[in-house]
Amino acid sequence: MNKFRIGFGYDVHQLKEGYDFWLGGIKLEHEKGAVGHSDADVLIHVICDALLGAANLRDIGYHFSDQDPKFKGIDSKILLKEVMVLLRDSGYEVGNLDITICLQLPKVNPHIPAMKSCLAEVMNVSENDISIKATTTEKLGFVGRQEGVSAYCSALIYSV
Ligand SMILES: [Zn+2]
């Protein structure tokens, strides 16, 4: 019988002028970008944390330290690929992911199909198993003031 497990991920990155804005594996055109040790792709980071959490494999910072120069500016898609290896080596496969991005600007909705297609390829799962939703925070808080971007992800995995 399959064993099902759930996981959850949460992450925040600061937004600043002069940085690229990677989100969901694609680069958004915007006057600000996300700040971080890696490429600061908050959407990929929450997927990694939700999957690692579901498999009880600690978190993204445990596997890819932000003190390690090896990961400086790294494409988060490489980290996600590595997480998929860890997950599959532990005997699990992805059931589905449900993600919410909190961002005031730019509008995320037009980019969701491209993000889903990119992530499905990186993870080698069906696009139908990746749900991406976006919300503003009605101009409230750090997201509303365009100082940062946050994201949440729930993940279901099952033993194979
Ligand atoms: Zn992050």
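Heads up, the Cβ atoms here are built off N, Cα and C, so glycines get one too.
Curation plays no part in TrEMBL annotations; they are all automatic predictions.
According to TrEMBL, the protein carries these features:
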- 4-157: domain '2-C-methyl-D-erythritol 2,4-cyclodiphosphate synthase' (DOMAIN)
- Asp11, His13, His45: divalent metal cation binding site (BINDING)
- 11-13, 37-38, 59-61, 64-68, 135-138, Phe142, Arg145: 4-CDP-2-C-methyl-D-erythritol 2-phosphate binding site (BINDING)
- His37: site 'Transition state stabilizer' (SITE)
- Thr136: site 'Transition state stabilizer' (SITE)
Key: Contacting recorded positions, sequence order - His45, Ser65, Thr136 vs ligand 1, Cβ under 6 Å   = His45
Inquiry  = Using a 10 Å radius around its CB, how many other CB atoms surround Arg145 (4-CDP-2-C-methyl-D-erythritol 2-phosphate binding site)?
reply    = 12
Task = Using a 10 Å cut-off, grab the number of neighbouring Cβ atoms around the Cβ of His37 (4-CDP-2-C-methyl-D-erythritol 2-phosphate binding site), all chains included.
result = 16
Key: Rounded distance in angstrom between the Cα atoms of Thr136 (site 'Transition state stabilizer') and Arg145 (4-CDP-2-C-methyl-D-erythritol 2-phosphate binding site)   = 10
Ask   = Going by DSSP, is Ser65 (4-CDP-2-C-methyl-D-erythritol 2-phosphate binding site) part of a helix, a strand, or coil?
value = coil
Message = For a quick check of understanding: among the binding-site residues Asp11, Asp68, which residue's Cβ has the most other Cβ atoms within 10 Å?
response = Asp11
Message = Over the span of the domain '2-C-methyl-D-erythritol 2,4-cyclodiphosphate synthase' (4-157), how high is the average pLDDT in this prediction?
response = 97
Key: Cβ-centroid neighbours of divalent metal cation site Asp11, His13, His45, 8 Å, sequence order   = Val12, Ala34, Gly36, Ala40, Asp41, Val42, Leu43, Val46, Val149, Ser150, Ala151
Query = Other than its own, how many Cβ atoms are within 10 Å of the Cβ belonging to Thr137 (4-CDP-2-C-methyl-D-erythritol 2-phosphate binding site)?
reply = 14
Query = Listed binding-site residues are His37, Ser65, Asp68, Thr137, Arg145; which of them have CA atoms within 10 A of the CA of Asp11 (divalent metal cation binding site)?
reply = none
Task = Using DSSP with the three-state reduction, classify Arg145 (4-CDP-2-C-methyl-D-erythritol 2-phosphate binding site) as helix, strand or coil.
result = coil
Ask   = Within 10 Å of the Cβ of Thr136 (site 'Transition state stabilizer'), how many other Cβ atoms are there?
value = 15
